Amino acid sequence: MSRQLFAIFGDPISHSKSPLMHNLAFKGLGYAGCYNRYRLVEGEKLKETFFGLKLKGINITVPHKEHAYNACDVLDSFAQKVGAVNTIVEKEGKLYGYNTDAPGFLKAISEFREVKTVLFLGAGGTAQSTSVILRDEGYEVTVLNRSEGRLKRFKQEGFETATFETFGPGTYDLVINMTSAGLEDENLPAPKEILEKVIPTAKACIDVIYGKETPFLKLAKSYKKPVKDGSDMLLYQGIIAFEHFTGHRYTFDEIKVYMQKAFIL
Ligand code: NDP
């Protein structure tokens, strides 16, 4: 088999761990693949760029997951349902689209037992796909966002929603930061007065941001809550993408052995 080329498309893209994760797995498993990063500025050019670079598969990150969805010829049922694609594989000239963020997130939180109610802070693309998979699995998800606009779609899909102004705090087993607050700044994802009502009664607090302790996780720790950042989500979405890239030739655990090394280098 000649070497297959893969990449991650996004903007910005220099910080991405995906090339390291996938190349470690290709090398460890002896698969003839090579994974690079590509800064894609214009999402409309995703398809022509993919074929121009002679790629076999890509991951897509901010801000192109909707463009990726539109570029696909075939969508798996979950990607279709949530309207966001973060993994594309070329098969016989057609682009097949998948969403691995949501199943990756679901696996990442599976260690938290006896959880029923979840409060999402944030209503962006990541909240969109993960809220649907959690609901499919029987969790009750409430979505709190600083502004009204992005809440519309959640409301239409029957989720409980609120803005900071309309929120009447309840009790939630998990409180999860799904915003980018704390990523490149020191902001909390919601006003401190709200967080100080929902964190004390939570079983655990989770942040999808990885690689740093965010102000949200610091606050949760000050209440002695178990906390978790977004590293496992990143790892698991990558493993599931790798399964698609390689035609499910390897098991989840076989891929994990090599891919997880990206987090200890
Ligand atoms: P989007 O741009 O789609 O949405 C951003 C959300 O954050 C919106 O709800 C926005 O609110 C909110 N927000 C941004 N800044 C603030 C702030 N200062 N205070 C309160 N709310 C704020 O982003 P994504 O959904 O694509 O990504 C969200 C996060 O998830 C990012 O940090 C990203 O890095 C992370 N992520 C992690 C992954 C992993 O594998 N660990 C995978 C994918 C994403 P508003 O609607 O009012 O603008």
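Cβ atoms are placed via backbone N, Cα and C, with glycine included.
The domain 'Shikimate dehydrogenase substrate binding N-terminal' annotation in TrEMBL covers 8-88. Feature annotation from TrEMBL assigns shikimate binding site to S16, K17, S18, T61, N86, D101, Y210, Q237. Summarising the annotation, TrEMBL assigns active site, proton acceptor to K65. According to TrEMBL, the feature NADP(+) binding site maps to V208, G230.
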For Y210 (shikimate binding site): intrachain residues, at least 6 apart, with Cβ closer than 8 Å: D229, G230, S231, M233, L234
Binding-site residues near K65 (active site, proton acceptor), in sequence order, restricted to S16, S18, N86 and a 10 Å Cα cut-off: N86
Residue pair T61 (shikimate binding site), V208 (NADP(+) binding site) - Cα distance, angstrom, rounded: 14
Binding-site residues near ligand 1 among S18, T61, N86, D101, V208 (Cβ under 6 Å): D101, V208
Integer Cα-Cα distance in angstrom, K17 (shikimate binding site) to V208 (NADP(+) binding site): 15
Rounded to the nearest Å - Cα separation of N86 (shikimate binding site) and V208 (NADP(+) binding site): 16
Maximal Cα-Cα distance (Å) across residues annotated as binding shikimate, namely S16, K17, S18, T61, N86, D101, Y210, Q237: 18
Rounded distance in angstrom between the Cα atoms of V208 (NADP(+) binding site) and D101 (shikimate binding site): 11
Cβ atoms near N86 (shikimate binding site) (within 10 Å, other residues, all chains): 30
Most crowded position, judged by CB atoms within 10 A, among K17, K65 as recorded positions: K65
Which of S18, T61, all binding-site residues, has a Cβ with the fewest other Cβ atoms inside 10 Å: T61
Nonlocal residues around Q237 (shikimate binding site), in sequence order (Cβ under 8 Å, 6 or more apart): N86, T100, D101, P103, G104, F105
Output field, shikimate shell: CB within 8 Å of site CB centroid, site S16, K17, S18, T61, N86, D101, Y210, Q237 dropped: I8, N59, L234, G238
